[in-house]
Every structure is written in structure tokens, then in C-alpha cells.
Amino acid sequence: MEQRHRQILLRNRVRLVTSLQLEDLWDRLLEKEVFSADMVEEIQAAGTRRDQARQLLIDLQSRGSDAFHLFLQCLRGSGQHDLADLLQETGGTREVKTPAPLPPSPPLKIPEPRDDFDQKPKPLNMKTDYPMNFDPCGRCLIINNMAFSEASGLSYRTGSDIDRDKLQRRISSYHFDVMVKNNLKAATRHTRFPGGVFGTDGVPIPVERIVNYFNGSNCPGLRGKPKLFFIQACGGEEKDRGCTVDLGDSGDQPPPHYSHTNSLQSDATAVPPDKKDADETDAQAILPTTSDILVSYSSYPGFVSWRETRSGSWYVENLDEVLAQCSGTFDLQSMLVMVADRVAVKGTYKQIPVYFNSLRKRFFFRTD
């Protein structure tokens with residue numbers, strides 16, 4: 001949704017929350033595909049009618065560039081012309097158009113087989129691989145924060161909804177139960193895992209705290225099971241212009257990339273590490289508590305993550321492509337190396353994903 005449309009909703013929020021008639025609106029929002037049925041159920045679970053109206057206005061801002069005008073159509077279709085007129089006085093009108101297609105991404109380069117790592121799917125080895133022969137084989141929670149409170153000073157994360165939808169489709173195809181939550185506030189410290197993420201209220205939550213909810217001490221039911229975290233957020237404010245390398249005679253060339261100057265954004269604001277809580281370099285992790293955890297970051301600590309407003313973040317875009325083409329052959333750790341290689345050659349400014357890993361076995365997604 002465009003910034004001017006978000007401002008219109010914000011200025012008229014009190015009137016909308018007070019007057020919005022939701023019962024006549026749900027079917028039209030579904031018909032126009034503004035929300036999915038699951039999203040409507042999630043909004044309806046927010047509480048009272050006013051609570052539902054507030055949540056609808058928050059989630060609406062993450063539903064793409066046409067969401068505002070589709071919402072106006074839904075208001076008129078449900079007989080709420082006064083509210084539609086109120087928004088349209090400053091919102092203007094335009095025809096809802098299908099956006100132009102994006103340039104194609106470069107083809108994925110799959111590594112040549114090596115003696116110790118071939119491309120044939122390997123049978124499950126209980127000693128070296130996590131068992132994934134369950135249905136569902138796991139749970140996945142996607143938290144997508146796009147619209148932040150005005151007091152937070154954080155900008156709207158245009159394109160983040162594209163990341164969300166890609167990951168929801170991809171992980172669902174691997175026999176996971178996927179739950180999506182949009183625009184969550186911080187309900188609430190940082191040691192082993194750098195950085196953090198912001199709630200929509202601007203309150204930072206260290207990654208360490210999130211991960212610790214699922215460790216062996218706090219969640220005994222997940223002991224010995226793989227716990228994966230994918231963090232798409234800035235690791236800092238430093239912009240990496242890269243360094244020159246000699247490609248020699250290897251034949252490797254960076255894949256072509258496209259650049260939309262006005263559509264490239266750094267991803268939100270980084271949560272700086274709390275120095276007083278930082279571990280010493282020789283700090284020792286207790287294996288029984290912190291084992292079987294992998295945390296993948298979109299960028300190296302201290303550096304910016306980049307996001308295209310029309311195609312989503314560099315990290316999630318390439319993660320989704322690598323998973324789509326390689327998950328039937330390679331384990332997760334190997335695929336994350338491929339993702340890092342692809343992201344590293346994009347753009348004028350550079351970015352390199354990293355991950356912290358205490359998995360004791362290889363992790364293969366179930367693709368049957």
C-alpha cells in the first residue's frame with residue numbers, strides 16, 4: 001500500500017474503528033482477495049468489533065498496492081458509502097491494474113557433484129539425519145511486521161508481504177503446518193545470537209530471547225528436534241560496497257541483476273547489540289540446552305539487508321528459489337551456502353547472509 005493511502009487510513013482511524021460494519025464486509029473482502037479465509041478468521045479472533053476493526057486496518061496495509069482501492073470497493077459494495085466517500089475525498093481514484101512483470105531472476109547454478117557430495121537423494125540415515133517422516137513433520141510460524149506505529153519512527157516495509165507469501169507456500173509444500181502472524185507488537189536479553197527484531201510498537205526483541213523460548217530447558221518437548229529460525233532484518237546500518245576479486249580462469253561470472261533505484265530499500269532498522277550483555281569470546285554454550293538450533297540471518301551482523309519493493313527481499317527471494325530447486329537433493333546447511341553465494345553477487349551495495357548452527361545432524365526437507 002502506498003504511503004499516502006496509509007496516511008489516509010491513519011487520519012480516519014477513529015471514525016473507521018467506530019463506524020465500520022464488519023459483518024457485511026467479510027464476504028466482499030474475500031471475493032476481492034484482499035484477505036484469505038485464514039486471515040479473516042485471525043482478524044475475527046482479535047476480540048470485540050472495535051478490536052477486529054483495528055486489526056483489519058493494520059493488516060490491510062500489508063496487502064499490496066491495490067488494497068486501498070479494493071477496500072473502497074468493498075465498502076461501497078456493503079452499503080458503507082459514507083466511509084468510502086470519507087476516504088476517497090483525500091485518497092483519489094484510479095483503476096486497479098495488474099503490475100508489470102519483474103525481470104526474470106538469473107538461473108540457479110547448482111554445484112557440480114563431488115566425490116563426497118553427490119546430487120542423488122540419499123536415504124534417511126538415523127545417525128546423521130533428522131527424521132522427517134511425519135505428517136505434519138513440523139510446525140512453522142511466520143511473523144511478518146510491515147506497518148509500525150508512528151511513535152516508533154520505523155518505516156513501512158514495502159515488499160515484505162511478498163516474502164511472507166513465498167515462504168508460506170514453500171514451507172507448506174514440505175508437510176509443515178504453517179501459521180502466519182502479521183504486525184505483532186513486542187509482548188515484552190541478547191548474548192549468543194547477535195541482533196534482534198522490532199515489534200510494530202518499536203520495542204526491540206533480541207533474537208536470543210526468541211530462540212531461548214524453544215531451547216531444551218524452556219521447551220522439553222522439542223529436545224533433540226531441529227529448531228530453525230530465519231531472520232529477515234537489518235544486522236546494522238553499515239552499507240557494504242564490496243571488494244574486487246579476480247575470477248581468474250574459473251569461468252565463474254556474477255549473474256546479471258536488475259536494479260530499480262526507487263524500489264530498493266534497506267530493511268527496517270537494526271537492533272544494536274547490548275554490549276553489557278555480550279558474551280566474552282571464550283563463552284561456552286551448554287550443548288544439551290542450545291543444541292539442535294539453526295539461526296539464519298539475511299545479512300552479516302552490523303550490515304544492512306536490502307529489499308526490493310516489488311519482488312521482496314534479496315534474502316528471501318533467493319532462499320525460496322534455492323529451496324524450490326534443490327530441497328529434494330541437498331540438506332539445509334548446503335542450501336544456505338548456495339543462498340549466500342547468490343545474494344553476494346546482487347546489486348551495487350552488497351549483502352551476505354550468515355547462519356549460526358548447532359544442529360547435530362543434517363536436515364532435509366520432506367518433498368514427497
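One-based numbering along the chain as shown.
The backbone N, Cα and C atoms fix where each Cβ goes, and this holds for glycine too.
Per TrEMBL, these features apply:
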type: DOMAIN; residues: 1-90; note: domain 'CARD'
type: REGION; residues: 91-116; note: region 'Disordered'
type: DOMAIN; residues: 136-238; note: domain 'Caspase family p20'
type: REGION; residues: 245-279; note: region 'Disordered'
type: COMPBIAS; residues: 259-268; note: compositional bias 'Polar residues'
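Shown for the domain 'Caspase family p20' (136-238): DSSP residue counts in helix, strand and coil, namely 25 helix, 26 strand, 52 coil. Across the range of the domain 'CARD' (1-90), the DSSP-based residue counts are 63 helix, 0 strand, 27 coil.
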